[in-house]
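Heads up: the structure comes next, in structure tokens.
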Amino acid sequence: MADKDFRKLKRWELIEIIEGLQKDLQETTEENDGNKDKKIELDVALQSIRAEQAHREKKQHLFSALGILLVVAAISVLIATRLVPVLQVSGKSMEPALENGELVVIKKTTKIKQGDIIGFYYQSKILVKRVIGTAGDYIDIDEDGNVYVNGEKLDEPYAIKKDLGECDIDFPYQVPEGKYFVMGDHRSVSVDSRSSAIGCVAEEQIIGKVAFRFWPLSKMGFLK
């Protein structure tokens, strides 16, 4: 094959050709000592091609990772310039809807209703929970962790490991005026309005509704 034809070959094709020559030389090495030098040259050439191929693949992976980071950075800048709060989820209390480390956008709104996931200030932290009841609602939770609002059992497909969790309040409990009763979806680990340490969330504590997840990219989308 002419040199110009070799230059047209892809790397994997060159590797296959060289490996074939190596095999042929290996079979005839004992008969002709001169083939040993040729075999060494082929080994060096093959190692060189493989090293270059590995280097190119490493660069491709790097560029792919950089591309993802640039997308996230661009989204973050766009969100920041529009003064929309961005929050990183911390902990497991909202699994499976939201997982630790995910990045979400909070939509500022005063129209909060039952079932919404909200971000709110608690001391020096920002917590994320789901609204279970609004002002005037009567909340009750049985021994199995089933939740009732105004006597009606809630259908909660989002909740896992239903139980009373950390609870030191008496039921039924009426939500005070201007406040919201909130709970995490992962009931066994969430500390929320069932505990007097957190209590109900006042309107002035609320940042807004968690509306959109943009990290990880594989789960990007609006939240229900």
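Using N, Cα and C of the backbone, Cβ positions are placed for all residues, glycine too.
Unlike curated entries, TrEMBL annotations are predicted automatically.
Taken from TrEMBL, the feature transmembrane segment applies to 62-84. Taken from TrEMBL, the feature domain 'Peptidase S26' applies to 68-215.
The helix, strand and coil residue counts that DSSP assigns across the domain 'Peptidase S26' (68-215) are 17 helix, 53 strand, 78 coil. Confidence over the domain 'Peptidase S26' (68-215), given as mean pLDDT on the 0 to 100 scale, stands at 89.
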